[in-house]
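S.K.: Heads up, here are the entries from Swiss-Prot:
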- Asp238: active site, nucleophile (ACT_SITE)
- Glu280: active site, proton donor (ACT_SITE)
- Asp98, His141, Gln206, Arg236, His349, Asp350: substrate binding site (BINDING)
- Asn140, Asp208, Tyr242, Leu243, Glu245: Ca(2+) binding site (BINDING)
- 1-21: region 'Disordered' (REGION)
Amino acid sequence: MNEAEHSVEHPPVQGSHVEGGVVEHPDAKDFGSAAALPADPTWFKHAVFYEVLVRAFFDASADGSGDLRGLIDRLDYLQWLGIDCIWLPPFYDSPLRDGGYDIRDFYKVLPEFGTVDDFVALVDAAHRRGIRIITDLVMNHTSESHPWFQESRRDPDGPYGDYYVWSDTSERYTDARIIFVDTEESNWSFDPVRRQFYWHRFFSHQPDLNYDNPAVQEAMIDVIRFWLGLGIDGFRLDAVPYLFEREGTNCENLPETHAFLKRVRKVVDDEFPGRVLLAEANQWPGDVVEYFGDPNTGGDECHMAFHFPLMPRIFMAVRRESRFPISEIIAQTPPIPDMAQWGIFLRNHDELTLEMVTDEERDYMYAEYAKDPRMKANVGIRRRLAPLLDNDRNQIELFTALLLSLPGSPVLYYGDEIGMGDVIWLGDRDGVRIPMQWTPDRNAGFSTANPGRLYLPPSQDPVYGYQAVNVEAQRDTSTSLLNFTRTMLAVRRRHPAFAVGAFQELGGSNPSVLAYVRQVAGDDGDTVLCVNNLSRFPQPIELDLQQWTNYTPVELTGHVEFPRIGQVPYLLTLPGHGFYWFQLTTHEVGAPPTCGGERRL
């Protein structure tokens, strides 16, 4: 293990500070930098991402909250699992009124998590294991306690007076929707110090930055340079559609936003090649595709973007036992530039958002997946994957197979690989942000602190609680969900078609079965056939596979040969919520690869 994982040799620089009315920030040169991974401009296309909350993963300091040193301690587990990149939500200094998305200092780590030096040690330790790290960057707004905002409200004519969107009236930009409809009545709030209204698309304690001010643009680019200079592999850009405001528009997806993102991309490409920008834009695919930029250049804005509308439709398709919700949203998704990639997910740290569905579809999802009102949050459902699926192992495996085989780079949420549950009586989104369940011991093996000091209580549910569901028990059980997930990740890694293959839906005779081919062309190409039964009952399917006549389907987890494809429709029968992954090959089949020395099914 590298020395950086154990010790910090010099005192940390303590973030930003105000001096003479000017906010001074540290420089990346004040710190060490992490070991670099080999340059690969397309690494993100092949990567499996793993979202982990620093606070929730492991507590190395025994104070009741997870920390950066705790995450370093658990990197060997993530390497064993087989993920390629860690996504860290905000770990910056914050009042924590919105889970860290209310940033008080972009240049400082929240003290209970550690220091910037600890963060550099984390990136270095991850890189030495072949794991990359991207972090959240909240570009749209700050906390009201950020020194930029405090100086802006104190001195309207000072250097920060125009850092935020101020107005004498709250009647501007009236066409902009209110995003947090369950807590906010307006996008404007009155500041008693400056005696003006300030604009906020999210909570009232999160004032929006004014990107019409060139100084704000430069300040954010400086933040980007700082963290990339320390060695991280990219950013998830939070809430990017809302950076600019214009009268007569909904203040989303504006041309000015795209122009600024092109500036950011150029800085990244010129100064930090191989780093990645991932857009969080909860919009329809036709709008989101614009965040990739110019297709004639391969894309000149963000390298990746989340495909939000796909996620609820996976849940809808399985509950309705019909492929059409998935088929239709994929058909509505425009082509993307050659150097771009979708990010797809089942669950994350927020609610299962239902913004990108119709009112009728939203009512259906609430009725099916959120029967208790406490399961709802804003316009969505605050539940983890396993409880959403009633802890049905077949459904969980089917959803995992869809996540790993549909177009895009998959994002796993910490704990879903073992089937963790949630605690719905906790407020806001905390119910899906509980401590990772490592062992059946006290505090789920997450912390040695007194249980009363934990940032949130672990689940003690008889089905999902840590005594029943934990890494220690599942790691030693070959048939566990954890080992199933690990095996599927290993299979995916061996076949580039899953990462970069073209997508061709096959239709078929049965609407309850979703079948598609992922294919990389060429002499060294790779063709994978994926067949998914969305019904709880066994289903037959006849597929037209004539273009692969004389190919042999080889099932990928067991390496079993199925009958050769001929001119007639190819008949398969799938168990309820079952799936197949086949490689279509004309070559002689060899011995199956193994995962970790043994083949786990």
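Just so you know, glycine gets a Cβ as well, placed from its N, Cα and C.
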S.K.: With Cβ-Cβ distance below 8 Å and at least 6 positions apart along the chain, what are the contacts of Asp208 (Ca(2+) binding site)? List them in sequence order.
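M.R.: The answer is Asn140, His141, Tyr164, Val165, Tyr198, Trp199, His200, Arg201, Tyr242, Glu245.
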S.K.: Near the residue listed as 'active site, proton donor' in space, meaning Cα within 10 angstroms, which of the binding-site residues do we find among Asp98, Gln206, Leu243, His349, Asp350?
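M.R.: Cα filter at 10 Å returns nothing.
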S.K.: Beyond the listed site residues Asn140, Asp208, Tyr242, Leu243, Glu245, identify every same-chain residue whose Cβ lies within 8 Å of the center of their Cβ atoms for the Ca(2+) site.
M.R.: His141, Val165, Trp199, Arg201, Leu209, Tyr211, Ala239, Phe244, Cys251
S.K.: Have a look at the recorded positions (Asp238, Asp350) and report the one with the fewest Cβ neighbours inside 10 Å.
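M.R.: Among the recorded positions Asp238, Asp350, the sparsest Cβ neighbourhood within 10 Å belongs to Asp350.
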S.K.: Whole-number Å only: compute the distance from the Cα of His349 (substrate binding site) to the Cα of the residue listed as 'active site, nucleophile'.
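M.R.: His349 (substrate binding site) and the residue listed as 'active site, nucleophile' have their Cα atoms 13 Å apart.
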S.K.: Taking only same-chain residues 6+ apart in sequence, whose CB is under 8 Å from that of Arg236 (substrate binding site), what do you get?
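M.R.: Listed in sequence order: Trp87, Ile134, Thr135, Asp136, Leu137, Leu278, Glu280.
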S.K.: Over all pairs within Asp98, His141, Gln206, Arg236, His349, Asp350, the annotated substrate binders, what is the largest Cα to Cα distance, rounded to whole Å?
M.R.: 19
S.K.: Can you give me the Cα-Cα distance between Asp98 (substrate binding site) and the residue listed as 'active site, nucleophile' in Å, rounded to a whole number?
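M.R.: With the alpha carbons as reference points, the distance is 13 Å.
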S.K.: What is the one among the binding-site residues His141, His349 whose Cβ has the most other Cβ atoms less than or equal to 10 Å away?
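M.R.: Max Cβ neighbours within 10 Å, all protein chains included: His141.
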S.K.: Of all the recorded positions here, Asp98, Glu245, Glu280, which one's CB has the most other CB atoms within 10 A?
M.R.: Glu280
